[in-house]
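Student: Sharing the record's features from TrEMBL:
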{"type": "TRANSMEM", "residues": "12-29", "note": "transmembrane segment"}
{"type": "TRANSMEM", "residues": "79-98", "note": "transmembrane segment"}
{"type": "TRANSMEM", "residues": "104-122", "note": "transmembrane segment"}
{"type": "TRANSMEM", "residues": "134-159", "note": "transmembrane segment"}
{"type": "TRANSMEM", "residues": "165-186", "note": "transmembrane segment"}
{"type": "TRANSMEM", "residues": "282-300", "note": "transmembrane segment"}
{"type": "TRANSMEM", "residues": "320-339", "note": "transmembrane segment"}
{"type": "TRANSMEM", "residues": "369-389", "note": "transmembrane segment"}
{"type": "TRANSMEM", "residues": "401-421", "note": "transmembrane segment"}
{"type": "TRANSMEM", "residues": "433-452", "note": "transmembrane segment"}
Amino acid sequence: MDQKARDTRRNRLYGLAFTLTCFVAGTVYGWPALRRDLIKEGGLTEKQLGAVFTCGAWSVQGGRFAAGLIRDALGTKRTACGCLLCVLLGAVLVATVASDNFAGLALGMLFLGLGSGAQLCIQPVTGLFPENASAAMATLSGAFQISGLVFLVCSGIARAGADRLGAYLAFAACVCVLLALSWVYLPYGFKFTIDDESRDERRDESKGATKSATVDRDEEAAVSDAAVVLKETSGETSDGKEGEGDDGKVQTSMAAVAVAPRKPPPPLSHLTRRGQLLSDEYIALLAWFSVCVTPAQYYVLSIGWQLERKGDDAGDYTRAFVILYAASAALAPIGGAVADKYGVGFAQGLATALTGSSFVVLLSDSLPAQIAGMTLYSVGRLFVFALFFSNIGRRFGFAHYGTLVGFGMLTSAVLSMLQYPMFTLAIDESVDWVNASCAVAIAGCLPYTAWLSRRERGEKRRFAGMTANEEA
């Protein structure tokens, strides 16, 4: 396969991954739009509606643990398609159950959230873009937030005359199309390859080939691809002859292949799965992510109610939140670029500060001020999730990616169950006290990001010193 064909294939795979993420990964976070529709239809109390969202938000997080384990055992295609079937079931439930059917709506949101595991399966596609790994990963996290528009679009379709039934069945039809495309184009194995060996992989896997054998073939293919690119840039022709005036370039190219890549490997990629799970860095990452995610989940759960308390009777600011949440996806490459240039520690610190600031703004009763707060929240949340995924890829590698991400999602899901008692406390006692507590908890994560940034700088200096010694 020549370079042009490889580029076409990797762009096609990334395009499918981006589209799939836009439709199913974070659908439940468009909840404020669906909530207003259900309130108009009547039948459930505010606390019951909060519990419905909690089911969906929990399954987004916790379901990825199961998706990660299944992906590591069965491969990408089977797991992603299974997740899409869950989305299909959830969409049908949300379309067909009555507005006073608490169990039916809760199950619908639960299945919609479980479908988010499809994003975890396709995130290793960013390994096809080693030159911009964090930017590619962050863009997928941006697509996650775009998926929050699904409920808003369905709400608009329903108001146009299709009702909730027609709107969500139309969404289910779109999911069917994505399911078919995923079955055709996604790889069976655990990595997204860019060579012609995918057919051989499927044949080997059908015979019971082990995961390690698949990974070895992928690594060999990557070396082969690197050699092809070096040959092309040096002027060597396909039959092994050198181009005119290129004396010595082939030898230089082969020497470049023999030398280690100019970028260091993930610093914790040499550890076993157990070693990575028990490492101080993974435990610290898990704590940071879980502490940031719990208030972030509460924000989505409560924002519609909080805006109405501040005077948003027509729901204009609620709709603005959904739009701002999705529009922040445009900034995803910036977060990735910051991580690529300054390290994930620095970028995680930025994400922490933005998310915490949004809760400070909630302490104000001014509705116009909430536009700034919702913007801070949307960008901060985007970066938090993007950098969690990017951190694992950059710091731990992809060998145990599904397990590491899945376990992180499960842990954060357990802790984020606090969002519902936080919401009931805000309703019954003091919403300002809850908002202030969220801001303080998130700010407490900043020392970790400074520690990680300092560790990254030290590793960069050591690698630069080793490279200089090798060149000398």
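From the backbone N, Cα and C atoms, a Cβ is placed for every residue, glycine too.
Help me picture these features in the structure, burial and contacts included.
Tutor: For the transmembrane segment (12-29), same-chain residues at least 6 beyond its ends with a Cβ under 8 Å from one of its own Cβ atoms are 53, 56-57, 59-60, 80, 83-84, 87, 109, 112-113, 115-116, 118-119, 122-123, 125-126, 128-129, 136, 139-140, 143-148, 150-151, 174-175, 178, 181-182, 185-186, 192, 300, 325.
Beyond the ends of the transmembrane segment (134-159), by six or more residues, the same chain brings 14, 17-19, 21-27, 29-31, 33-34, 36-37, 119, 122-123, 125-126, 166-168, 170-171, 319, 322-323, 325-326, 328-337, 339-340, 344, 347, 378, 381-383, 385-387, 389-390, 393-394 to within a C-beta distance below 8 angstroms of the stretch.
Outside the transmembrane segment (401-421) by six or more residues, the chain places 50-51, 54, 57-69, 71-72, 120-121, 123-124, 190, 273, 276-277, 282, 285-286, 289-291, 293-294, 297-298, 301, 388-389, 392-393 with a CB less than 8 A from a CB of the stretch.
Packing against the transmembrane segment (433-452) from elsewhere in the chain are residues 281, 284, 287-288, 291-292, 294-295, 298-299, 343-346, 348-349, 352-353, 355-357, 359-360, 362-363, 422, 425-426: each is 6 or more residues past its ends and has a CB under 8 Å from a CB in it.
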Student: So which of 79-98, 282-300, 320-339, 369-389 has the most C-beta pairs under 8 Å when paired with the transmembrane segment (104-122)?
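Tutor: So the stretch in question is 79-98.
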